[in-house]
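Okay, so here's the structure we're looking at.
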Amino acid sequence: MKVSYKWLKQYLDLNMPAKDLAEKIERTAVEVDSVAVAQDGLKKLVVGHILSMTKHPESDHLHVCQVDVGEDEPLQIVCGAPNVDVDQKVIVALPNSRIGGNVKIKRSKMRGIESSGMICALDEIGFSKDVIPKEWADGIYVFDDDVPVGEPIYKYLGMDDPIIDLDVTPNRGDMLSILGTVHDLAAIYDQQPEIKKPVVDEDSSLNIDQEIQATADDQLAKTYKLRVVEGVKISPSPAWLQIVLWNAGIRPINNVVDVTNYILLKYGQPLHSFDKDKINGTVHVRLAQKGEQLTTLDEDEHALSADDIVIADDDKPIALAGVMGGFNTQIDDNTENVVIESAIFDCFKIRKTAQRHNLHSEASQRFERGINPDGVQDAVDEAVSMIKQLAGGKIARGTVNASEYHPQLPTIYITAERTNHVLGTALTTADIKSIFDRLGFSSETHQDGLNVTIPARRWDIFRDADLYEEVARIYGYDNLPATLPTGRQSVGILTPTQKLQRASRTALEGLGFTQAISYSLTTTAKAKMFLMRQSEETKLLWPMTQDHAVLRMNMLSGLLDDVAYNHAHKVDDVALYEAGRVFYKDTADQIRPEEVEHIAGVVTGNLTNPLWNNHVSPVDFFQLKGMVNQFLVNLGVKGDIEYTATDQYPEMHPGRTANISIHGHYVGFLGQIHPRIAKQFKIKETYGFELNMQELIDLPKDDNQYQTISKYPSIKRDISLVVDDDVTNSQILAVMNKRGGAYLSDVRLFDVYEGDNVPDGKKSMAYSLTYVDPRETLKDDVVNTAFEKIKKRLTADLNAEIR
Amino acid sequence: MSLRDQLTEIKEKGLADIQQTSDLKALNEIRFHLLGKKGPITAALRGIKELNPEERPEVGSYANKIRDAISEAVSNHRETLENAALNAQLSAEKIDVTMPGKPVVQGQPHVIQQIIDQIVDLFLGMGYEVLSGPEVEEDKYNFEMMNLPKNHPARDMQDTFYISKEILMRTQTSPMQARALEKHDFSKGPLKMISPGIVYRRDTDDPTHSHQFHQVEGLFIDEHVTMADLKGTLITMAQNIFGDKFDIRLRPSYFPFTEPSVEVDVTCFNCMGKGCDVCKHTGWIEVLGAGMVHPNVLEMAGVDANKYGGFAFGVGPDRFAMLKYGVDDIRDFYLDDVRFLNQFSKRGN
């Protein structure tokens, strides 16, 4: 709502700069989007009088004008506007002036003729094309004759008026009007504005009942009123009214429509004017019938829904109620008799209709947020009076009331004790009463508190909590003390799950992964990658883009997007992890997905930068495996971590991927991203893992345990064996661990070799075995016996050749 | 030449030889030669028996002095030579300490995570519990129980991704208020919780909008919790996250689930309150919404609104991070550019 400071001053004694007023409004009532004075940034624009005019010799549309700008000599200005004419009072941009868009005007020559300035159209001095009246849309603006020549133009166009643009919250529909704003400012500044009731000069010869009839379903329109003015003469509105409207962002149309918009601004009551002679029979407020059509004032045709409220005559819809009038009954230049509608339509229906037809008008915005039921009659009364004043005609006696609604004013009981209990203040009943007095809420003492009666213009207030807010904001939030809660104590600690989640993040960061946060909403194709279990996808009903249309069922695809972004920006080395949720659905019928915590990571390129003393090699499967394994060790899940080769994930390299299980529970996988997928994402060789974090949280944990470190020396034995290619490290380890004896404490694979001296289809693997006895010094022959046993079993079970 | 004179001569020559030696091995040889059984002192002392018995002790003692002097001189000179050798080694080992150290591997927490952890830690310290809720939420919790019935105009403030008519991507973390209120047993103590998480809005991504962002919801309900307590709590948070010099102000606003509702501004980061383009010359920047929990919300969750009440607030960590670090495009948080993420590597703040 764009509020004119000058208009407010008609009711209130306000002397502060507009910026200060805006600040006060912002801190006490509603947010202020901006404070703007249209003339700011403009320079040397004055009223000029065109004394004479000749055609430009070199042009068929330019004119050479002699313009009196209040100086000794008239200025010669070349003008191309189609409507320029002798004797007009016009906007003149003097030489060295500044017009809209920060454009400087200089003395110049136009096709050889000297031009000392410019005669301006409204849009050239900063007016939005949306508010310029049609008559001035395609040419220069012409002032009324009484505007003095040579004066700065600003006050004659309302450009000196500070316009405060209020961002009204949905609850404060009352502030979508000048009077509502005046009431609130009156409370803020403790003033008593005088708001006059309109007086209607009715014509006794015309009786409303004979002029028009109406019916209304009061479920659709709680209040529905019509008044009639006959014999009007349609013309442009006077400048003062046009200024009021364009400063509020509304385009002036004519003296009848402009009055309805003026009343809308003043009362917050949307009105609609019909050409009475275009209405056939009775006016009805009803729901539209299926198949009905209506062309609205903006000349768009709408297929109506059975949920739209329409105003109809006996034949056809004539307006989309509360949203926009119909083209078929609009006021035109020949209109003589007008019907003015003032009503309250059902807010929910209006909201739906405005959404359905994508027609969000000044009217619909107000109906949606509520209307002051006590202002409906005043609004229409003032409207018809103004129309008579500006367009002439006779006002028919009386008002058609097809429906009428006057709510019982709510009375709310509040006490100082309860108010202070909620706000933390120390106000007395008298303090509170004085705040209600300022707000114009009548209150009387009752028991220990006050019975407060809420005027109809504040329909947002209906319970005690609403009144605490009124007290708090008028008292001032700055005056509120700042304390910390006292009372019952509580302990703030993270749950074991939350602790583990934190630990998981710091563990991965310690291992070199930086935390990423990618989007949960992705494409269908990406959502379905790297599936750890069978799942249907969860789709949005109305996605904004196909890029974010489906909920992810894996974390890796988002991380691959991140890698791609980094690669595209010449960052080759990436190590990222992300902790978040994936969304699974067991069946397509299931609507709400299950949300499962996952944690995933990717690495590509080098972990550190190559330097003079740092000779790096790109990450590979085993690098990642070492990191993931350490991570799993850090989490302390009870049981052995096992890695088994798998080719079950179509997006992973079939020969370089392992499923991970702990104590027999499948928890995730790691490996190389399939080269085909890497190519699709436009990324280099990348390795990744994805783990079901929920599973890791739920599995039993080992606490840290202390074991005495053996004081006795350990004995090492190395063994080198040649085995078939398909014998795995894990098979060899299994044999060693099973047959290694009580003192085998550690086995390390220190070399793997294929090539010269090793037959085709075979590989050589070398292990270092450590034996230790925690209780006494181990004897060589004990170790030798154990070592021989291992050799024998390896030969027997795995056909290993010991070298 | 008297025996004494012989000894003096041996000493002087010996000391001179020691001083001239520049090598440890030669020094050892000199020592061995002078002090050994076949050395000149031993040889000279053989003549002692030719002296008067009265003279013998004096010469014997003189000989011992000479031995000691030579021994000491050898030891001193050895130390000198050893120091010189060590210094030569150190000087040969000199390196350019300005060359870079060997890189180590270290990852960083995401900047938004850092802000969330900071908020969480602050409120843990004040006795709040941390709750997390579903990202795919029921309309009932996201809107209806937050006092936003169907058709409520305030629903327009939050464009929503729906999955079905009743199921949606949560637009706020506020549904955790309703969920926590429903579950909490007030006979066991106050309800104090914060709930961080991801929320979704049907927005087109641009520098100031993201269809996915974060919120931290806070809720404190007990028998006597005031709006002044809310103000004090929010000041504590602002100063903890941004610094001691920051102040807050409350402005009236509207959220269907709180009454009174306030918008909370914090001192402008850019000008520290003087007024600049960033804060539109107000000196303040809007950072969060808060208010006293609406009695309807309490009642819908089965809590006696006459007995219990309190405050709620919703913080946007994305916005906090943007303000704190001057990030001017919210999308930067979700692109995961390593060069962006690794800037936030300072710990302990």
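Using N, Cα and C of the backbone, Cβ positions are placed for all residues, glycine too.
Some features that TrEMBL has for this protein:
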type: BINDING; residues: A:Asp460, A:Asp466, A:Glu469, A:Glu470; note: Mg(2+) binding site
type: DOMAIN; residues: A:39-154; note: domain 'TRNA-binding'
type: DOMAIN; residues: A:407-482; note: domain 'B5'
type: DOMAIN; residues: A:710-803; note: domain 'FDX-ACB'
Name the secondary structure element type, per DSSP in three states, that contains A:Glu470 (Mg(2+) binding site).
helix
For A:Glu469 (Mg(2+) binding site), the number of neighbouring Cβ atoms whose distance to its own Cβ is within 10 Å equals 24
Close in space, distant in sequence - A:Asp466 (Mg(2+) binding site), Cβ under 8 Å, 6 or more apart:
A:Ile412, A:Asp460
Might you list, by sequence position, any residue in that chain lying six or more from A:Glu470 (Mg(2+) binding site) with a Cβ less than 8 Å away from its Cβ?
A:Ile435, A:Phe436, A:Leu439, A:Phe441, A:Ile461
Hey, what's the Cβ neighbour count for A:Asp460 (Mg(2+) binding site) at 10 Å?
19
What kind of secondary structure is A:Asp460 (Mg(2+) binding site) part of, going by DSSP in three states?
coil
For the domain 'TRNA-binding' (A:39-154), residues assigned helix / strand / coil by DSSP
14 helix, 48 strand, 54 coil
Counting by DSSP secondary structure, give me helix, strand and coil numbers for the domain 'FDX-ACB' (A:710-803).
30 helix, 32 strand, 32 coil
Which numbers of helix, strand and coil residues does DSSP report for the domain 'B5' (A:407-482)?
34 helix, 15 strand, 27 coil
